Amino acid sequence: MTCKMSQLERNIETIINTFHQYSVKLGHPDTLNQGEFKELVRKDLQNFLKKENKNEKVIEHIMEDLDTNADKQLSFEEFIMLMARLTWASHEKMHEGDEGPGHHHKPGLGEGTP
């Protein structure tokens, strides 16, 4: 009998599968080179990184910041730090200006006005 995955578990699988969708294109199949990373950011993070996508140098800087071992590639471990940062930033945006009792959510990153 197969257990049905929760939404969170499916979302984790989606992150892994998306990473591999790009990482297998060139070079080592389990790392993202600069071109693969740029393509992933442009296609799959176009709303979360709207401003950053307009400037190629900014995307390069993001990769350099994530590339902790300076090998010009991103391992999954390095890439997942971007996912963690974006998740945190989106959560913070949802609570921006949220004061007082209760728990309210506004649109996060990639939501709201274009």
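For all residues, glycine too, the Cβ spot is worked out from N, Cα and C.
The annotation blocked amino end (Thr) is assigned in Swiss-Prot to THR2. Residues or ranges marked as S-nitrosocysteine by Swiss-Prot: CYS3. Sequence annotations record features per position, and here Swiss-Prot assigns domain 'EF-hand 1' to 12-47 based on a curator's inference. Per Swiss-Prot, the feature Ca(2+) 1 binding site maps to SER23, LEU26, HIS28, THR31, GLU36. What Swiss-Prot lists as domain 'EF-hand 2' is 54-89, and the listing cites sequence analysis. The compositional bias 'Basic and acidic residues' annotation in Swiss-Prot covers 93-102. Marked as region 'Disordered' by Swiss-Prot: 93-114.
Shown here: features listed in Swiss-Prot, placed on the structure.
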{"residue": "THR2", "record": "blocked amino end (Thr)", "Cβ contacts under 8 Å, 6 or more apart": "none"}
{"residue": "CYS3", "record": "S-nitrosocysteine", "Cβ contacts under 8 Å, 6 or more apart": "none"}
{"residue": "SER23", "record": "Ca(2+) 1 binding site", "Cβ contacts under 8 Å, 6 or more apart": "PRO29, ASP30, THR31, LEU32, GLU36, PHE76"}
{"residue": "LEU26", "record": "Ca(2+) 1 binding site", "Cβ contacts under 8 Å, 6 or more apart": "ASN33, GLY35, GLU36"}
{"residue": "HIS28", "record": "Ca(2+) 1 binding site", "Cβ contacts under 8 Å, 6 or more apart": "GLN73"}
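With helix defined as DSSP H, G or I and strand as E or B, the domain 'EF-hand 1' (12-47) counts 23 helix, 2 strand, 11 coil. Take the mean position of the Cβ atoms of SER23, LEU26, HIS28, THR31, GLU36, the recorded Ca(2+) 1 site; other residues of that chain with a Cβ within 8 Å of it are TYR22, VAL24, LYS25, GLY27, PRO29, ASP30, LEU32, ASN33, GLN73. As a summary of secondary structure, the domain 'EF-hand 2' (54-89) carries 26 helix, 2 strand, 8 coil according to DSSP. Note on the domain 'EF-hand 2' (54-89): its mean pLDDT in the predicted model is 95.
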